[in-house]
Amino acid sequence: MGNTNNASNRGRVSTVGKKRTQQGGNPSINPTKVDDKATKWVLSERDIKFLCSQTGLPENEIRMWHENFFHDNPDGRLDRDEFRKIFHMLRQESPDRLDNICDHVFRAFDVDGNGFVEFGEFLVGFAVCSRGDLRSRLDYAFECYDLDSNGFITEDEIEPVLRGMYTLLGIKHVADYPPEIVAKDLMNKLDLTKDGCVTKDEFIYFLMKEGMYRNTVNPFH
């Protein structure tokens, strides 16, 4: 997830992918409950194989994340507050810089749009955003800006996320280039078809080429 601390002490499980397609498809991760009292879950071999392919992590590391994730979150999922706590632990920036961007990152990780981030969504999202290629990271960045999850972003969706990015980056001279001006300028450059909406392809195409904008827009450097 951009700048990260050692992330070896967190992990979690369930469904990956209805809101959008993950890299390589979107099969579900279906945990098996093995103890009602302890609310413990196990990963099937299919789950492990899928997570290995999506994250590039070895099996033993996936099992470690899984164990730690369920230790801290027995229900197998993170709500916004729980996600915020983990997000703060995984980033090097101070909490006051992360707060404004955190909800947008939560939405990007909540692939199926059910209001929670399950283990599979979390682990795949974390792996892609911290060690994935640029195109994959921009795919997640687009979801941060798509506030209504309709597959397009508009100028009024860009501005609030940019404000969070300004805080994350510690930009102090906001008055010199206000987020609303940046949003308008960025929209003009992103909207290749000039229809008032930016598709994911337009977003990724432009930011793959424009490093200056990318460094301001993308929370997953």
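Cβ coordinates are placed from backbone N, Cα and C, and glycine is handled just like the others.
Annotated region 'Disordered' per TrEMBL: 1-33, in sequence order.
Positions annotated as compositional bias 'Polar residues' by TrEMBL: 1-12 (among others).
Among the features that TrEMBL reports, compositional bias 'Polar residues' is placed at 22-31 (among others).
Here TrEMBL flags 97-132 (among others) as domain 'EF-hand'.
Annotation source TrEMBL lists domain 'EF-hand' at 133-168 (among others). Non-local neighbours of the domain 'EF-hand' (133-168) in the same chain are 19-20, 23, 93, 96-101, 104-105, 107-109, 113, 125, 174, 179-180, 182-184, 186-187, 190, 196-200, 203-204, 207-208, 214, 216-221; each lies 6+ residues outside the stretch with a CB under 8 Å from one of its CB atoms.
Feature annotation from TrEMBL assigns domain 'EF-hand' to 178-213 (among others). Averaged across the domain 'EF-hand' (178-213), pLDDT in this predicted model comes to 93.
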